[in-house]
């Protein structure tokens, strides 16, 4: 009996492991997968491709559903529709107003999106103009490209509630990111001391986020302590020229700074992760109320501080 049962059990187990194939749905839809995405144009390099970004471009994607892949080309007609913003929207409760991107800031490569045969998605390229990058508000969530699907061919229907997109666009310059900081501060005046910032491993060095202020400017927040041990917050401004050279100044009231620096691609050899890493080398002097600080910094780029982002709009 045991000899008879064993082949039966093995047959049943083999049947359980068989791949189950489901047919396509009877109808095929088209839609925007995300209604409220944020696209950060990332200049320079990142762990993901920035080829389009460095051409000042992005691509708005649409998708098809109900099938494993499209059996034919799908054409989706699109149009800019500022009425999608209604009587006014915010990026969230207490956040900035959502503004339609001015027409002079961008151009669409086409008025349709094509999903090629054999694919599940397709997109339309957006070319961003200099006017966009010259706008101080373009470094944060401000502008959206509001698109609506107006027609389709090669598919059965447009998915309800997914026929539009408010595509937010902002940018970061090529030096923006989280840096691992080490160096030395020589403090004089009401406080006299030398502070060395240097962990055994670079991965353990303090993390500083340097943020985009404009296409050629970077904000670098630093903290000092006065004679009573209280924090003095200071924002340094790094202004870049061609070749990665920069000058240092201060944007905080009652604080001044002078200095210079150099951004070097793969400047730190065999750094964290046993790889050559981009680095920013700075030498500068800061004058604060009652004290002066002479600093030298090596800032090793850890990451670009750009993540997947969406928003949830609310009425004004």
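Placed from the backbone N, Cα and C atoms, the Cβ positions cover glycine too.
Taken from TrEMBL, the feature signal peptide covers 1-20.
Per TrEMBL, domain 'BT-3987-like N-terminal' is recorded for 28-155.
Positions annotated as domain 'DUF5627' by TrEMBL: 174-304. Looking at the domain 'DUF5627' (174-304) alone, the prediction's average pLDDT is 98.
Per-class residue totals from DSSP over the domain 'DUF5627' (174-304), listed helix then strand then coil: 9 helix, 90 strand, 32 coil.
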